[in-house]
Amino acid sequence: MTAFLAVGFGAAVGAWLRWGLGLWLNPAYPAMPLGTLAANVIGGYFIGLVLAWFAEHPGVPPEARLFVITGLLGGLTTFSTFSAEVVTALTRGLWLTGSLIAFAHLAGSFIATGLGFYSLKFLK
């Protein structure tokens, strides 16, 4: 139950941060959602930082890791999770695996988003 709450509370905070970044930054340049870009870049940076920190501090309770990584950064951006998976593969020397993960996520996401967008026409 503690893990469930850690993820949930972290996700709420991350989602509020993402929303706030959008409100603050998106009006500056409407053609490029800067709030989303900021959320993805900030999330990517912080997931790298906390992954390294948790690796150096193995005694930290798993609920803290769940709150920060799965909850907070996952709520801020799922891009941070994707980035962590690719960087983890690359730091293990798995260059092909890391590249395939990156390609699969990017291509899959773009294709799925396009399909979702255009499928609305058929659902009406």
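Placed from the backbone N, Cα and C atoms, the Cβ positions cover glycine too.
Residues or ranges marked as transmembrane segment in Swiss-Prot: 4-24 (among others).
Outside the transmembrane segment (34-54), and at least 6 residues removed from its termini, the chain residues within Cβ reach (under 8 Å) are 14, 17-18, 21-26, 28, 60, 65, 68-69, 73, 76-77, 79-81, 83-84, 87-88. Annotation source Swiss-Prot lists transmembrane segment at 34-54 (among others), citing sequence analysis.
The feature transmembrane segment is assigned by Swiss-Prot to 67-87 (among others).
Taking the Cβ of Gly74 (Na(+) binding site) as reference, residues of its chain lying under 8 Å away and at least six apart in sequence are, in sequence order, Val7, Gly10, Ala11, Gly14, Ser80, Thr81. For the recorded site, Gly74 (Na(+) binding site), the DSSP three-state label reads helix. What Swiss-Prot records for Gly74, Thr77 is Na(+) binding site.
When Cβ-Cβ distances below 8 Å are used as the criterion, the transmembrane segment (100-120) is approached by residues 82, 85-86, 89 of the same chain, each at least six residues removed from its ends. As annotated by Swiss-Prot, transmembrane segment applies to 100-120 (among others), with the evidence given as sequence analysis.
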Same-chain residues at least 6 apart in sequence with Cβ under 8 Å of the Cβ of Thr77 (Na(+) binding site), in sequence order, are Gly14, Arg18, Ala39, Asn40, Ile42, Gly43, Gly44
